[in-house]
Amino acid sequence: MARTQAEPPASQPDARAAWLRDQLERANYAYYVLDQPDLPDAEYDRLFGELQQLEADHPELVTPDSPTQRVGGAVASGFTPVVHDAPMLSLNNGFSDDDIVAFDKRVADALDKPTDLAGSVTDPVEYACELKFDGLAISLRYERGVFVQASTRGDGTTGEDVTENVRTIRSIPLKLKGAHVPALLDVRGEVLMFKRDFARLNERQRAAEQREFANPRNAAAGSLRQLDPKITAQRPLSFFSYGIGVLDGMPMPDTHSALLDWYEALGLPVNRERAVVRGAQGLLEFFRKVGERRESLPYDIDGVVYKVNRRDEQDRLGFVSRAPRFALAHKFPAQEALTKLVAIDVQVGRTGAITPVARLEPVFVGGATVTNATLHNEDEVRRKDIRIGDTVIVRRAGDVIPEVVGALLERRPVDAAEFVMPTECPVCGSKIERLPDEAIARCTGGLFCPAQRKQALWHFAQRRALDIDGLGEKIIDQLVELNLVRTPADLFNLGFATLAELDRFAEKSAQNLLDSLEKAKHTTLARFIYGLGIRHVGESTAKDLAKHFGSLDPIMDASIEELLEVNDVGPIVAESIHQFFAEEHNRTVIDQLRAPGKVTWPEGPPAPKAPQGVLAGKTVVLTGTLPTLTRDAAKEMLEAAGAKVAGSVSKKTDYVVAGAEAGSKLAKAEELGIPVLDEDGLHQLLEGNTQ
C-alpha cells in the first residue's frame with residue numbers, strides 16, 4: 001500500500017501526530033483486513049512508540065481514533081446498558097433442503113414473482129449469501145466517520161456497552177476511510193477468534209497454568225466481556241461486518257451486496273466468502289460448496305446466511321416477530337457422539353416448564369464436554385424410547401444446546417428403566433399439570449415456586465402490570481438470592497434499611513423504590529390479574545376478565561364453563577386460569593397481596609353482556625407518534641369506548657389513527673381505503689362523531 005503523504009518534521013507536532021496515526025492505521029488495515037502486511041514489525045513499533053511519546057508530551061493531540069487508544073482503558077466495574085437505535089434481530093433457521101425451497105417459495109410468493117404454467121418462478125429472487133460466523137454479534141457506531149461506541153446484541157433491544165474492549169480489536173477501524181462518510185452509521189457484525197489464534201491463546205493459557213478455553217466462540221465471548229480492556233487487548237479477536245442498523249447523512253445502498261462493497265471501501269472488514277445467487281438452487285449450491293470447505297476455513301462457522309439482495313424487496317417483505325422475513329440462517333448438521341445415560345432428572349424453568357434432563361457420562365462433542373442434555377418433554381422421551389442405562393446419541397443442536405437424539409436399542413441393558421414424570425414439582429411440591437394439546441408439563445405454583453420466583457417478580461413489577469419503577473432484574477436477583485423476597489407479597493414488606501444495604505443501591509434509589517411500591521398499592525383489577533402471570537393471560541385477556549366479572553373473587557371461584565363466557569377466552573385459556581386459582585399456594589399469595597395495607601383496586605359490577613360505548617364493535621389501529629397522547633393512553637381511551645385496538649391493518653379495520661412518523665400501517669390503510677384520523681379526529685371519534 002503506497003504511502004505518498006509527505007512526512008512532516010518533528011517541529012510540527014500536530015501534523016506529525018496526524019501523519020503517524022495515518023501510517024499506523026494504514027498498516028493495521030493492510031495487516032488485519034487485507035492480510036497483506038506492508039510494514040515491517042520493527043518499523044510499526046518505532047512509529048507507534050513515537051506517537052505514544054508525542055501524545056504524552058502533547059496530551060491535547062490525543063484523539064479517540066488514535067491507534068494508541070486501542071491498548072485498553074481503565075478497569076470497568078460493569079457494563080452499561082445500551083438501547084439499540086434499530087433492533088438487532090435474530091434470524092429464523094433452516095436445516096434441510098426442503099426448508100430452503102420453502103423459504104424461497106414464501107419469498108417469491110410474497111413478492112408476486114411471475115410463474116410459468118408449471119408453477120415455476122420465471123424471475124427467481126436474487127439473494128446475497130454469506131457465512132454464519134460462530135462468534136458474538138455486536139453493533140459499531142460511527143459518527144462522522146469516527147468510532148464512538150460498540151455494544152453487544154443483548155436481548156436484541158438492549159445490549160451492553162463494550163466500547164473500550166472493542167477499541168482494542170485491530171481489524172476494526174477507529175476512523176472510516178474516504179472523504180465522504182455518513183453523519184451516523186450503525187454497523188452490525190461478528191466478533192470471532194480465528195482457529196490459529198485460538199490455538200495460540202490456549203498455548204499461552206497452558207504455559208501460564210490457567211484454564212484453557214473450550215472453543216473459539218467461548219474464547220471470543222469471554223474476551224469481549226472482560227471488565228479490564230487490557231486483558232481484551234491481549235486476546236487475538238477479529239471482526240467481520242455483515243449488516244446495518246441506522247444510516248444518516250447518505251443514501252442506503254440499493255442492495256445488500258452493494259452495502260458490503262461500500263463497507264470495504266470504508267475500510268471495514270468484510271468476509272470475501274460471499275456470493276449473489278438466484279432462487280433455491282443457487283442457495284443450495286452455495287451451501288454445499290461452503291460445506292465442503294468448512295473444515296479448511298480459518299474460523300468456525302455453523303452455517304450460512306441468505307438475504308434477499310434488493311433493499312426495496314427487503315422493505316416489502318418486512319419482519320415477523322423478532323426476525324426478518326427476507327433472511328434465513330441455513331444451519332449445518334449438528335455434531336454427534338455416543339455416551340451412557342446414567343439418570344433422568346427434571347428441572348423447573350423460570351416459567352414453570354418441567355423439562356426432563358439427561359445426566360450423561362461426560363462426552364466431548366461440538367467442542368465442549370457435555371454431561372447434561374435436554375430431553376425436551378415427556379412425549380419426546382416416549383417417542384424416542386429413551387431409558388435410564390441406555391447408550392444414547394448426543395448432539396449439540398446448533399452447536400450450542402446439547403440434546404439426546406435417540407438410543408442404540410441393540411446396546412440396551414436388561415435393567416434399563418423407563419422414565420416416570422413426577423406428579424408434584426420437585427422444587428415447591430405444587431401439582432404438575434399438563435394442558436390438553438400441550439407438550440410441556442408445568443408447575444402450577446407460579447406465585448410460590450422458588451424456581452419461578454424471579455420471573456414471577458419481574459412480571460408482577462413490569463410497566464403493564466403493577467408498574468413498580470426501579471425494580472429491575474438485577475435488584476430482583478439480589479432480593480431473591482439474599483432470601484429477602486419469596487413472593488410478590490414480600491415486596492410490600494421491604495424497608496428502607498434493607499434496600500439501602502443492597503449492592504449498588506444508594507439511599508435515594510431505596511427511597512424511590514419504596515415510593516414506587518407505595519404507588520403500586522393502588523392499581524386496577526386488570527393490571528393485578530395480568531401481574532399474576534397466569535399462563536395464556538395477556539393484558540387484553542386480563543382486561544376482559546376484569547370487565548366481565550367486576551371483582552377478583554368471582555374469577556378465582558369461576559368454573560371452566562363460566563370462564564368460557566368471557567370474551568376471547570377459549571378452552572385452553574379457561575383451563576389455565578382454572579388451574580392457577582385451584583392451586584392453594586397461589587391463593588395464599590393472593591390473600592397476602594390483598595391483606596390490609598397492601599394492594600387495592602376499585603371494585604366494579606360485572607359488565608353487561610353486550611359491549612357498550614360509541615365504538616362498540618369497531619376495530620382501530622394506532623400508528624406513529626401522537627402530539628399529546630401516548631400509545632397506551634390512546635389505547636385505553638379507545639377500549640373504554642368499546643373499540644378493539646388491533647396491531648395490524650386489514651380489511652376488517654374500521655379506522656387508523658396516525659401520528660408523526662407513521663409507517664407501513666398508514667400506507668396499508670390508504671391502499672385499502674380505510675379512514676385515517678389524526679389526534680383531533682380521534683377525539684371527535686370518541687365523542688361519537690363517526691363521520
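Every residue, even glycine, has its Cβ placed from backbone N, Cα and C.
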To which of Cys129, Cys449 does Swiss-Prot also attribute binding of Zn(2+) at the site defined by Cys425, Cys428, Cys443? Cys449
Near the Zn(2+) site, what residues other than Cys425, Cys428, Cys443, Cys449 in the same chain have a C-beta no further than 8 Å from the centroid of the listed C-beta atoms? Val348, Gly352, Pro426, Val427, Gly429, Ser430, Ile432, Thr444, Gly445, Phe448, Pro450, Ala451, Gln452, His585
Mind telling me which of the binding-site residues Leu91, Cys425 has the densest Cβ neighbourhood, counting other Cβ atoms within 10 Å? Cys425
With neighbours defined as other CB atoms within 10 A, the best-packed of the binding-site residues Cys428, Cys443 is Cys443
Per DSSP, Leu91 (NAD(+) binding site) is which: helix, strand or coil? coil
Cα distance, Leu91 (NAD(+) binding site) to Lys132 (active site, N6-AMP-lysine intermediate), nearest Å? 11
For the domain 'BRCT' (610-691), jot down how many residues DSSP puts in helix, in strand and in coil. 27 helix, 16 strand, 39 coil
Closest of the binding-site residues to Lys307 (NAD(+) binding site), Cα to Cα, picking from Cys425, Cys428, Cys443, Cys449? Cys443
Smallest Cα-Cα separation from Leu91 (NAD(+) binding site) among the binding-site residues Cys425, Cys443, Cys449 is shown by Cys443
